[in-house]
Amino acid sequence: MGRFFVFFLECVAFLLLLYPVFSLARPHPQRDPVYLNFVLNATDLPSEDYYDYIIVGGGTAGCPLAATLSQSYRVLVLERGGVPYGNQQLMTQEGFLTTLTQVDTYDSPAQAFTSEDGVPNARGRILGGSSAINAGFYSRADQEFYKHSGVNWDLSLVNQSYQWVERRVVFRPELKNWQSAVRDGLIEAGVDPYNGFSLDHLVGTKIGGSTFDSSGKRHSAADLLNYARPGSIKVAIYASVERVLLASLSSSNAIARQRQSAIGVVFRDQMGRYHHAMVKEQGEVLLCAGALGSPQLLLLSGIGPRSYLSSWGIPVAYHHPYVGQFLYDNPRNGISIVPPVPLEHSLIQVVGITEAGAYVEAASNVIPFTSPARSVFIRTPSSPLFLTVATIMEKIVGPLSSGSLRLASTDVRLNPIVRFNYFTNPIDVERCVNGTRRIGDLLRSRSMDYFKFREWFGTRNFRFVGPELPVDQLNNEQMADFCRRTVSTIWHYHGGCVVGKVVDNNYHVIGIDALRVVDGSTFSVSPGTNPQATLMMLGRYLGLKIIKERTRLK
């Protein structure tokens with residue numbers, strides 16, 4: 001107890017010195033983004049209207065897809081959340097943790113859920129989707145992703161699409177104390193070569209891109225709407241799409257008559273009023289609602305396993321046994337320390353890409369610190385105190401362990417029930433053991449000595465917050481137990497509408513015309529270290545492919 005009390009006083013002393021620095025920080029004034037000119041509340045939309053393309057979900061893939069299609073066609077984006085611009089917590093790095101923790105059932109920008117595995121998680125409910133609430137790290141997909149995704153990629157167009165995204169929302173971060181030390185420590189730990197700053201997926205240690213600019217302002221997929229043609233696009237916020245409208249095609253061919261086609265969607269506004277958005281001839285409904293939202297919406301529209309839909313009383317439009325199946329989440333494991341010196345607030349900027357199936361990243365967060373309850377020794381300060389917590393984490397490649405999604409309600413606003421089945425595949429466990437051993441190597445590097453406390457007899461040690469790595473890191477059983485015991489999420493869940501199972505290699509829902517899914521629910525593996533770059537690229541890429549397809553049909 002005495003040792004903790006001395007440690008507590010040390011923290012209080014240097015944090016009191018730091019508080020004026022934190023309290024003086026102010027954001028720079030910014031001009032309103034152009035896209036606000038065509039964003040409107042769903043209550044202002046007519047009860048029925050027609051569009052060439054209806055995009056359900058103004059998220060990481062939906063925004064670039066909409067901006068691209070608007071250059072040639074009339075587009076409607078239906079976003080269930082609001083606008084990120086002007087929200088101080090969303091627009092700065094310092095608001096990252098607060099955004100993920102201050103949540104409610106229907107309105108908060110982050111919608112929390114806990115999987116049946118017991119791991120807390122979150123999904124974006126804001127224009128820009130999860131790119132508006134994430135840690136901002138930007139890195140392109142690895143080459144294995146393109147080879148095994150089931151899609152015949154035009155890699156030249158892929159590269160052009162990445163560049164289109166990067167011109168608007170990607171910046172080179174400036175490394176400060178913690179991120180610089182992590183970079184140096186990874187190189188010491190043998191995660192080499194050092195590749196400097198790069199947006200490409202390269203084995204070794206590198207500085208990646210960031211969607212936070214030099215002033216600390218967040219940029220998200222919503223900013224890609226600034227590319228849109230204003231007269232051809234409407235972005236409706238607070239619009240909850242309840243189901244896709246389907247109809248049988250009229251045809252003399254008996255087989256074709258049995259095919260269903262998407263003809264529009266039904267959505268509700270904030271006032272509870274229903275609206276119909278319908279597609280014009282040759283138009284399409286494009287689901288970009290994410291790895292939870294897209295399979296959930298297919299199920300609510302009668303597209304899914306026949307017996308399961310019938311158990312909910314949902315009319316079966318098309319028997320699709322794999323909707324909601326093959327759902328994955330990359331487990332995150334790591335350690336956190338309290339350093340003896342103040343650190344900057346930093347989200348992920350450096351990554352160590354190993355050849356052992358794991359990626360190592362780090363962050364440092366300045367968090368409010370509360371003194372022990374009813375302390376008779378420490379007077380509660382009138383101004384808040386802050387404490388730095390530095391974290392090193394690893395994410396495994398893949399993963400191979402998969403789970404599933406099922407409905408919790410027919411109310412689309414409520415989260416479905418999710419199970420990811422972390423570490424049920426032994427290869428995932430092996431990769432986690434490899435990654436956590438790399439964290440151990442990093443902690444033993446000279447670059448990390450600066451973040452140790454000096455003890456009474458001259459020794460130096462880390463002050464851990466939460467679980468430490470096992471002492472015997474060569475013991476596979478102990479390391480595997482650490483992985484299972486400390487599993488959390490890095491918010492890179494994907495699948496549920498996987499290519500080859502639910503959608504074809506052009507993202508058409510198999511068996512349904514005029515309906516595609518364009519988001520991370522189509523992935524069977526997470527692309528590279530962080531998926532947001534690939535999702536934004538995908539929106540642009542598929543938009544260009546659709547325009548080319550329709551031009552060829554004219």
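Going from the start of the chain as shown, residues are counted 1 onward.
Any Cβ shown, glycine's included, is placed from N, Cα and C.
Disulfide connectivity taken from TrEMBL links C483 to one of C288, C432, namely C432. Fewest Cβ neighbours within 10 Å among the binding-site residues R80, H492: that distinction goes to H492. Counting other CB atoms no more than 10 Å from each candidate's CB, the recorded positions V241, C432, C483 peak at C432. Distance noted between the C-alpha atoms of W491 (FAD binding site) and C432 (disulfide bond) is 16 Å.
Remark: secondary structure over the domain 'Glucose-methanol-choline oxidoreductase N-terminal' (290-304) totals 11 helix, 2 strand, 2 coil, with classes taken from DSSP.
Across all of the domain 'Glucose-methanol-choline oxidoreductase N-terminal' (290-304), the predicted model scores a mean pLDDT of 98.
Cα to Cα, G520 (FAD binding site) and C483 (disulfide bond) are separated by 25 Å.
If you take the Cα of V241 (FAD binding site) and the Cα of C483 (disulfide bond), they are about 38 angstrom apart, rounded to a whole number. Of the recorded residues, C483 (disulfide bond) and H492 (FAD binding site) place their C-alpha atoms 17 Å from one another.
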